[in-house]
Amino acid sequence: MRNLGFLLSLAAFAVLILAALLAPLIAPYLPSEPVHAPYAAPGDGGLLGADSLGRDMFSRILYGLRYTLGISLTVAVLAACAGVSLAFLAAFRRGWTDILLGRLVDAIMSVPQIIFALVVLAVAGVSLTTLILTMAVLEATLFYRVIRPVAADIVAMDYVEVARLRGEGLGWYLRREILPNAAPTLIAEFGIRIAYAVLFISGLSFLGVGVQPPAADLGGLVRENALAISVGQLSPLAPAACIALITLSVNGIVDWFIHKYSIRAELG
Amino acid sequence: MENTVLSIEGLCIDARAPILQDISLAVRAGEIFGVIGESGAGKSTLAMAMVGLLRAGCRRVAGKVTLSGQSLFDLSQPQLEQVRRRKVSYVAQSAAAAFNPFYRLGDQVTELAALELGTPAAERRKMAADLFRELQLPNPETFGARYPHQVSGGQLQRAMIAMALINNPDLIIFDEPTTALDVTTQLEVMRLIRKIVTARGCGAIYISHDLAVVAQLADRLMVLRHGKVIETGATRTLMETPQQDYTRALVANKTTTSPAVQARTAQPIIALRDFAAGYGGVSLVQDISLDLSAGHITCLVGESGSGKTTLARAIAGLVDVHGGTATFQGKPLVPRLEDRPRDARRRMQYIHQLPDLALNPRQTVREAIGRPLAFFAGVTGAAAEARLRQLMRDVELPEEFLDRYPGSLSGGQKQRICIARALAADPEVLICDEVTSALDPLVEESVIQLLLRLMQQRPLTLLFITHNLGLTRRFAHEVAVMQAGRIVEFAPAETIFAAPREAYTRTLLDATPVMERGWLEARL
């Protein structure tokens, strides 16, 4: 059962990634060209109908996927690198490094994520770079919060002391002693953060501070077409379903990893 | 037999594999029945079966457990619970884990009386005070008002025995009740157990891996291994004429003697004078003057909290040095580990107590042992591979283990890997911190033999921390006895054991159980 869920999730995620990568080849139309009648129903105008300007929804979703997946994966990777290395450093150095980093993270986390992002983007201006960096900083704090105690437990182990008695350098501690032992938590957390990044960028775009028109990610597509719901059109449901599919499939993959590692831990 | 309190007949318990096979025993009122076995022998499963409990995943395949005339596995759950409340008590290994830190000792000890009989508080206080008096706890009237963290480990263990007596049980199960205690405290608890069983006339099961302790207490003994009974009999018969090889190995007088190594140099390899060390501003060890003779085994003995480990860690550079001088081969020993040159770190290697924690679970044996080779000597590639294989032979492990992860090795094998890792640095001094205390007796013996062989092959000096005086007697050239952060006596082993100068040394020696008959009786 768990394996079935994992395989389905993996298949769904693979299809989504492929669709995003091959968007220019698969998409029947350019995402910005009005090719159908406005609000054309599915069938009359392309696979999933058209939006208010008569642009092909299917093509727009394929291109939207590129934004959503591209941004969230980039954010998750950047946040993991920053959050995890700082967490390792804090756990290993302790003292002032730990206190200062901890309070800085607290300060950032004390402001609700979405408000923090809105303020920063309002000041710095919305571009792909500012968007990714802002999200990466916010997600990095969450990585830090989860990984630091894990790393602190590992640092307290005698085998880390054995490395200290040898006189190993910082790089050895972080890469060879701490990282391999924190890996299960790290992998699980990484998957969860991808899912949250997808929701985050979709939320920002829905609020209008994410990817800017005429380009649109999945959240932006939901926003553009939100009004259509009231006239009985189902077009915003397709990008929303895509968002759900991404988060569900990532969760399915993560669950499997967690289960696999927890069994391993039991077996020693 | 009419006064049998517990009988087990043909008990078999399976999980995925058989855990207990065909166990039969009978315990009479007023006797202590000893169960001895190494870890994994099935001791705890047996103890739980005696109160009608099976751990999750375990299944009773056959057999019968009869306690006070009732067949436990035939009772309904409420009946079984009643038997447990009224007829039997259990004393666990770790009293610290068995008491709830948020409640006063008196309330916890008399909890059963309150639940079962609704005894009013005033009467319970009196019951508790009587029990505390019987167990010779200090200030029995007020002892019950204390919380678990406010009393010592030995007192807590005695409070747990008091709790076991509250229902005036027919049977008390002692599951390694003294394993976590120091020898002097262990002796007190052993005396009390003996007294109580005699005075109350109840039956007792005493489970342990320490044959010397069980042999002193038990009237009859059962030797358990891999879930099977190896041998059962009267303690005296079993100790004097063991029938099975395994029992013989357990009983055999340990024949290890320290290798006849002469000091290679007149100078001590490590010399401490008025040495003090500790954490923050607090010195945990002070006035330490100690010479480690090259090529000798110096044992550092003392009770927990006496500062043995702190002193060893200070020598290794892991603890702040607060004063005095320390020299290593005539040159000053740099206090802080981080300030020591790489070669100084190489020449002194530290082996930890628990190999489980000292080996990175995600590094293979090859990586673990190979690192010091690469780090200290820059040996890599084919040369390293040859050295690795040689080291594995030195610690008597198969070369195939190089590709294994620690998780798939036994405790003794892991400790051998730790020794090999220390040897890979080609050290002159090995600091061994209770390296065998987590191991079963026969495994411990084999690791000791290994260390002795290694010392004959290469110029090694051992600083060996232990609380095991029996081991020290057979093994040490010199012994330093520590108490409250100071060395109270430092002398050649023969002197310490034949004519101890200090009262504290004599107390320690006197409290160390030996297998000879009548030892406990002489101390009652």
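Heads up, the Cβ atoms here are built off N, Cα and C, so glycines get one too.
Feature annotation (TrEMBL): of A:64-92, A:151-179, the stretch labelled transmembrane segment is A:64-92. Range A:194-216 is the one annotated as transmembrane segment, of A:33-55, A:194-216 (source: TrEMBL). Most Cβ pairs under 8 Å to the transmembrane segment (A:194-216), among the stretches A:64-92, A:104-124, A:130-147, A:236-258, belong to A:64-92.
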